[in-house]
C-alpha cells in the first residue's frame, strides 16, 4: 500500500496479524487478534508497514469482510425476518405504552390533576372559541367550520398525544395554508384537505419520518413564521376596512387593498382599530405578584392577581361578547353601520365521510380533480402542522425528549377525525398552549374540557354569534399574530452567526412575494446550499513541525470527510502549501470518516503529482474504510502510517528530498 523509497514490498494481509490488536489500514478496528478486515485490493498494491506487533492505528471503524456474496434472492428472503422482527417489536408492552401515552398517566390520575385540567381546559376553551371563529375567515370558510375543527381532535389527542400542553385546533398558520391550498373552491375541498393531510401525517408517523422536520432550520422557520404573520395581518385588513380584497400573496393583497381603500367603511375601521387597541392593553395588564408586606401574599392580593390574570387571558372571549352586545344593540334599532358575522348553523355537524367528489350544478367534480386542485398544499400543510406542533412540544418539554413520530401519529389521527365532522386542518397552537401551561394543566385530559366547551357553544350559543362584528374578529386575529413576527431573533442571530440571517431573510422575502409552499422550499434550498458549501470547503489546519529525528515536515489536517464537492479544493490547498513550504507533507486523516470514488481518483492524482516532484506525501491515521476506498484504484506511492515511530522512520528514510527550482511560487 505504500512505497518506501521506491521499493515495492508486496505483503499479504494475513502477514499483519500480530500479538496486539490488528487495527488500522486493512486491519479490523479492534476486537482482538482475529478481527481482521480483508481488503482485496491490498494484495495487489505496494505497501511498507511497521512490524506486526507495532501495527496500531485507528479503532474508530470495525470492518469485517465475510467473503460472502449476496444475491437478490437472498436480499428478498431477508425482508421476511426483518418484517417479523418489526411486527414482534410493535406488539410489545413498551411499544403499546409509547403509542398510547394515556396508559402511562391515566393510572396515576388524581383529584389534583382533575382540578388543574378543569381550570386549564375551560380557560383554553374561552380562547379557542373566538379564535376558531376568526381563523375560519383566514381560511376563507364560513365561521362555523372553525368550531367544527375544534372539538373532536381534542378528544382524540387525549389518547395519542404525548404533550400535556397541546390543544389541537385551527391555527393562524394552518388556516392561511388552507386558504392558499383550497384557493376558493369551498368547504368540500378544505374538508378533504383535512382528511388527506391527516392521512399523510399518520403514514409518515407509522414509517418513522418525523426526522424530515430537521431539514427546516431555525432561521428558515423564523423567516416563514414572520412572513405568515404579516400575510395574516394583511388578510384581515379587508374586514377592518370592510372592503373586498383579492389575491393570496402579500404583495397581491396590498395592491388590491390600495385599489379598494376608497370604498372602506369608517365605522368598521374605528371599531376594528379600537378592538385592537383594547386587546393589546388587556394583554399587558400586569398581575403583580409582589407581596405588600414581608414577602407574604395576602388572600386579597392572591384574588386580585388571579382576577387580573383571568381577565387578560380571556380577553378574546370578553371582546367577542362585548362586540356581540354592541352589534345586537345596533341590529335591533335598525341596520348596523358595520358588518356582522351573520347566521351560523346551530348544533353539531353531521358525522360523515369527507366528500371524494361532488356535483355542483351541471358540473361533476371528481376526487382526482379535487386532489389536483389542492396540489402540493397537502404536503405543505402536513409538514408545517408537524413543525408547529413539535415547536410547541419542545417549548414545554422541560428538557425531555420529544417523540416526533408519536406527534405525527397523534396530529394525523386528530385531523382524520376532524374531517369526519367537517373540520379543516389544524394542529397545536403556541398561544393556546402558553395559556394551557400557565393555567396549570396537568395531563392531556385538559383538552376534554376545551372540546366540551366548544360543543356547548355549538349547541346553545351559535345564534348569538350572529351579532358579532367582523371587525372584532379581525382584531382578535391581528392582536394574536402580530407577536408572531420574530424580530427578537435577529439580534442573537447577528451576534452568533451572521450568515444564518441569509436563509432566514431569504425565506421571509420569498414567502411574502410567492406562495408559501414555494417560499419555504426556497428557504430550505438556501439552507442546503450553505450546508453544501461548507461540505465543499472544509477547513485545513497547516502546521510546520519537526519530527523527533529533527526533520521538518508539513502537517495538514482536514476537518471533515473527502467527498466529490470538496476533494479538488483540498487537493489544491495541499499542493499549494506543500510547494510553498518545500517540505515533506503529512496529511492527518483523523477527521476523515468517509470518501467516495471521486476522492479516490483525486488522491491517486495527488500521489502522482508528489511522486513527480519527488516530494514525500504521507497519509497519517487513515481510517480502514476510507483506505479501502482509496485502495480501490491501487494508487502507486500511496503511503500510510499509524504511529509516530513509523512516521519518523518514513520521514528519515525520505530525508534526501530537496525542492526543485520549478516548485518556487
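Positions of Cβ are set from backbone N, Cα and C atoms, glycine also.
Source: prediction; values computed, not measured.
TrEMBL assigns the feature transmembrane segment to one of the listed ranges (396-414, 415-433, 472-490, 548-566), namely 472-490. Comparing 307-331, 472-490, 502-533 for CB pairs under 8 angstroms to the transmembrane segment (448-466), the maximum falls on 307-331. Outside the transmembrane segment (307-331) by six or more residues, the chain places 123, 126-127, 129-131, 133, 271, 275, 278-279, 282-283, 285-288, 337-338, 340, 435, 438-439, 464-465, 467-469, 472-473, 475-476, 480 with a CB less than 8 A from a CB of the stretch. Beyond the transmembrane segment (502-533), the same-chain residues lying 6 or more positions past its ends with a Cβ under 8 Å from any Cβ of the stretch are 176-177, 180, 215-217, 219-220, 222-224, 226-228, 230-231, 248-251, 376-377, 379-380, 384, 489, 493, 565.
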